[in-house]
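Reading through the structure tokens given below for one structure.
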Amino acid sequence: MSALLAFRPLFAPHARGFLLALVLSIVGVGAGILLLGVSGWFLTAASLTTLGAAFNLFGPSAAVRGLSFLRIGARYGEKLAGHDATLRTLGTIRAWTFRRMLPRVSPADRAVRRGDLVSRLTADVDALDTVFLLAIGPLLASLAVGVGLFVALHHLLPQAAPIYAAGSLAAGLLVPLGLAIVGRSGGAAIRAASADLRAAALDGVDGHADLIAFGRADEAASDVSARAGRLGALRRRQCRRAAIGSAAVQFLAGATGLGVLLAGLAALESGTIGGPLLAGLVLAVLGSFEGSALILRGTSRLGEAQEAARRLRDLADRLPAIVEPAAPSCLPEGGSLACEWVTFGFDPARPVLRDVCLTVGTGEHVAIRGPSGSGKSALLHLFLRLSDPQGGRVLVSGIDVRRCGLSALRSRVAFLEQDAPVFLDTVRGNLLLGCPKARDEELWSTLEQVRLAPLVRSMPLGLDTPLGEAGRTLSAGEARRLCLARVLLSPAEILVLDEPTSGLDRQTEAAFLDDIAATCAGRTVVLATHADLPAGAFDRTFKLVNGGLVQEP
Ligand SMILES: Nc1ncnc2c1ncn2[C@@H]1O[C@H](COP(=O)(O)OP(=O)(O)OP(=O)(O)O)[C@@H](O)[C@H]1O
């Protein structure tokens with residue numbers, strides 16, 4: 001429960017909407033109970049009235065109509081206000097989780113599953129809708145209305161008041177509580193199975209071309225259906241428990257109604273209550289159990305909401321992968337980079353880089369080559385502080401990156417990642433990520449530099465052409481060049497490029513590397529590549545072997 005309670009501050013800004021929904025819910029449930037009570041009283045009184053005796057039909061029938069309209073209106077309003085406040089709260093929780101997640105999920109952490117993250121941000125956040133709509137709201141409304149009916153019974157039929165109190169407390173509190181306790185482990189299992197299914201489905205969708213090519217599509221499909229079957233079985237078990245709870249509430253409603261009726265009949269015989277009022281009270285008592293059924297729906301899913309809240313907190317409460325200094329140092333002007341005796345390993349016991357020393361002056365262009373897996377990307381990551389070295393220091397403009405504010409550092413150093421993504425946006429939207437204020441002329445001249453301008457010109461909407469998910473409407477090489485253009489557009493003084501020419505044909509690759517001297521003139525460039533470098537394209541080239549950096553002749 002503490003995981004759920006920890007989200008209280010995110011519910012607080014929407015408290016007015018929840019309060020309105022609660023008031024309307026009390027009005028709706030109260031009007032429903034009164035409607036049954038007045039109708040029972042009215043019908044009994046009308047049937048007991050002998051022909052010709054005076055009976056005012058108008059008042060009660062108007063009350064019945066009025067109460068029906070009030071009930072409908074209040075229910076509609078409650079749904080509107082409750083869902084509106086809930087959806088706004090879920091939006092707040094989703095944005096909060098996303099903001100907290102980004103710095104806490106290290107790009108280097110191979111244990112992180114994308115499908116699981118997506119599942120947390122979507123399904124787990126959605127599971128929290130239960131909290132107010134199905135659990136707290138109906139519980140408070142039933143409590144308020146139950147207290148009102150208890151007070152009325154206490155005055156009109158005192159013998160029935162304790163019977164009603166016992167029956168309604170058992171139906172409104174004990175049964176839901178029991179269901180919540182029993183459903184707790186089931187809820188956790190459902191959340192885990194649901195996350196597992198989503199992750200497996202995402203894996204399958206991502207890799208469907210390979211699965212088809214290797215003839216494994218059927219296997220993947222049956223794996224997904226086995227997981228879906230497991231989730232289905234858990235949900236069926238949850239529904240069975242909820243149905244048993246519902247039956248218990250129905251039984252308690254019937255038993256309480258019967259108890260109130262028996263107590264009422266004794267009072268009727270002794271003449272302390274009239275027949276019509278008794279009929280009205282019995283029906284009102286039966287009607288008041290309607291709220292308990294709603295509470296049950298909520299509590300049967302509360303275990304799931306609790307587990308969802310735990311999973312979200314688990315993500316949000318992780319220590320950030322990289323901790324910013326409390327008082328960051330100002331980055332002086334300049335685009336120099338340096339590594340001083342840097343040792344780094346994803347597993348500190350097995351360093352990838354050992355005592356690496358490198359100094360790159362402002363405006364210098366340096367290329368780093370080396371066999372696959374030699375640690376080129378790992379080295380480049382250190383310049384952006386995506387990881388911290390276990391030994392030595394990394395300096396940007398003469399300042400240890402651990403003393404810099406991360407946003408200042410990352411606006412000084414632009415980075416082309418090895419698998420940089422094309423976002424689900426237009427060509428322009430993708431480019432403006434690198435420089436939000438860039439004018440169209442700048443976009444076009446950068447597209448010329450990466451030799452994409454003819455392609456974009458041929459697109460139906462030019463810069464405003466939407467690109468499919470992950471740039472699926474582009475070839476791999478075109479997508480790569482678009483990401484490269486984004487980095488070139490950035491005003492950062494230092495460009496760190498990891499395999500910028502991967503996916504490009506030889507001719508374009510050679511032309512691009514040749515052009516770097518001109519296109520990046522004045523800016524510092526550190527580039528990791530497997531490509532053959534055109535003579536004179538870089539000021540210095542290094543080779544990374546056995547964790548050490550060796551300058552090439
Ligand atoms: N996130 C990670 N967690 C653990 N080990 C990793 C991680 N990323 C890379 N490695 C390992 O660290 C070593 C260096 O990887 P890195 O990606 O820096 O090599 P690289 O020289 O850039 O290779 P390539 O040229 O193939 O891109 C490799 O042995 C790799 O398996």
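Backbone N, Cα and C define each Cβ position, glycine as well.
The domain 'ABC transmembrane type-1' annotation in TrEMBL covers 19-304.
Averaged across the domain 'ABC transporter' (337-553), the predicted model reaches a pLDDT of 89. The feature domain 'ABC transporter' is assigned by TrEMBL to 337-553.
Taken from TrEMBL, the feature transmembrane segment covers 18-42 (among others). Only residues 6 or more beyond the boundaries of the transmembrane segment (18-42), in the same chain, are considered here, and those with a CB under 8 A from a CB of the stretch are 11, 60-61, 63-64, 67-68, 70-71, 74-75, 77-78, 81-82, 85, 132, 137-138, 140-142, 144-145, 148-149, 276-277, 279-284, 286-288, 290-291.
According to TrEMBL, the feature transmembrane segment maps to 48-70 (among others).
Cβ atoms under 8 Å from those of the transmembrane segment (130-157) belong to residues 4, 11, 18, 21-22, 25-26, 28-30, 33, 78, 82-83, 85-86, 89, 164-165, 168, 172, 176, 260, 263-264, 267, 273, 277-278, 281, 284-285, 288, 291-292, 294-295, 297-299, 301-302, 304-305 of the same chain, restricted to positions at least 6 beyond its ends. Per TrEMBL, transmembrane segment is recorded for 130-157 (among others).
Annotation comment: TrEMBL describes 163-182 (among others) as transmembrane segment.
Annotation source TrEMBL lists transmembrane segment at 242-267 (among others).
Look at TrEMBL and you will find 273-296 (among others) tagged as transmembrane segment.
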